[in-house]
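So the structure is just underneath, and the comments pick up after that.
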Amino acid sequence: MAEHTTASRLQLSGLCFLLQILTIILFAVFVRYSPESSPGLCSPQLNCSRRNQDSGFQHPRFRDVHLQALLGFGFLVAFFSRYRPGSVATSILVMAFAIQWAVLIQGFLYFFLNGKIYVGAPSMVSADFCTAAVLISTGALLGRANPVQMLLLTLLGVALFTLNEYTLLRLMGVSDSGGSLTVHTFGAYFGLMVSRILHQPCMDKRKEQQDTGHQADVFAVVGTICLWIFWPSFTSATAVRDNAEPWAVLNTYFSLAASTLATCVLSPVLYEEGTLQMVQIQDAALAGAAVMGMAGEMLVTPFGALIAGFLAGLISSLGFRFLTPVLRSRLKIQDTCGVHNIHGLPGILGALLGTLLTALATADAYGGRLELVFPLVVPGSRTISDQALRQLCALPVTLLLATLGGCFTG
């Protein structure tokens, strides 16, 4: 046992050393600061930078997105007493490597010019989005994968996330500024498929219940506050500027509020204890944010955002009560943090909502915003029906890449 423990520690130490040396060498060869006077360095096809955002707009968004990824997802896994000692540390380890690796992988596709990768606020926001997807994936594996395996998952997950994002945003021209598909859906189902491959029968005998004690509630309270403060900025970080940007912020706030009330509706009915838990509110808030990822910058209308958030909260609560046991018993998928209910199902709902709103979009309703939300429609290169079809086709493409990539990684 002692020899096994020593070998595991040496594996982690050696892998961290090799990965860091590799990234240092690659950064030294390729990565340079992005000149502030050269906004054209960023690829126009990348959602996060295609709209000529200035540094004054980007830096607050980068700060909020970074804090959301670190604090929101960190506290999301901290309320499990069985895994708390290592879960937050593993999340920080994954995030530290994922940001560096994402800057390189995404840089070669989106920020590469004259043999160099030019980094700035847009590239860091994009890297944080990638990191968020990987952290979602790790939530499905909490307690069953060691730090070495998590690093290997990050190594492959970042590359597969970038492939999916490149396919959707650049090749298909899909609008998904808040990441309903690229972040939430891909991250959830990628992690679930890895979990399926790593299935451990002995874990079926041990119920994965969330804590209900005081310390767990403290973590959930802090995590929920972080979600409410920073997630509207996360959803709107890559959204259009000026008149259209507040739509993503407002729609996300309305959705968060409605999804929270949905949990208050169902929790007393579904659970015998009848008392509302902070962990449940945190999960509902995440579901309400995920559903606004694609549709946030579109013309949802305030009441539409409330409806979408309410449905996401209902689906998430029902999923925890009824779908999670089925996934564990029938499909042998052990979903520790419930990412299927928090990110996967709301992400799919958000993609379907975004497709519907795209099909209903008109120049009269959007005005000058139509060109910003759907930049390929106005020049005449495609019709709004073509755009809606591409938005719809992006869902099976993401599910296919996530499941195949998860199987391979597992």
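In case you wondered, yes, glycine gets a Cβ from its N, Cα and C as well.
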Between the candidate ranges 273-296, 345-368, where does TrEMBL place the transmembrane segment annotation?
345-368
Long-range neighbours of the transmembrane segment (345-368), counting only residues six or more past its ends (CB under 8 A):
175-176, 180-181, 183-185, 188, 243, 286-288, 290-295, 298-300, 308, 311-312, 315-316, 319, 323, 374, 377, 384-385, 387-388, 391-392, 394-395, 398
For the transmembrane segment (125-143), which stretch among 12-31, 93-113, 150-169, 306-324 has the most Cβ pairs under 8 A?
93-113
Can the transmembrane segment (150-169) be said to touch the transmembrane segment (12-31) if we require at least 3 CB pairs below 8 Å and skip pairs under 6 apart in sequence?
yes
List, by number or range, the same-chain residues at least 6 past the transmembrane segment (93-113) whose CB is under 8 A from its CB atoms?
16, 19, 23, 26-27, 30-31, 34, 41-43, 45-46, 49, 69-70, 73, 119, 122-124, 126-128, 130-131, 134-135, 138, 147, 150-151, 154-155, 157-159, 161-162, 165-166, 170
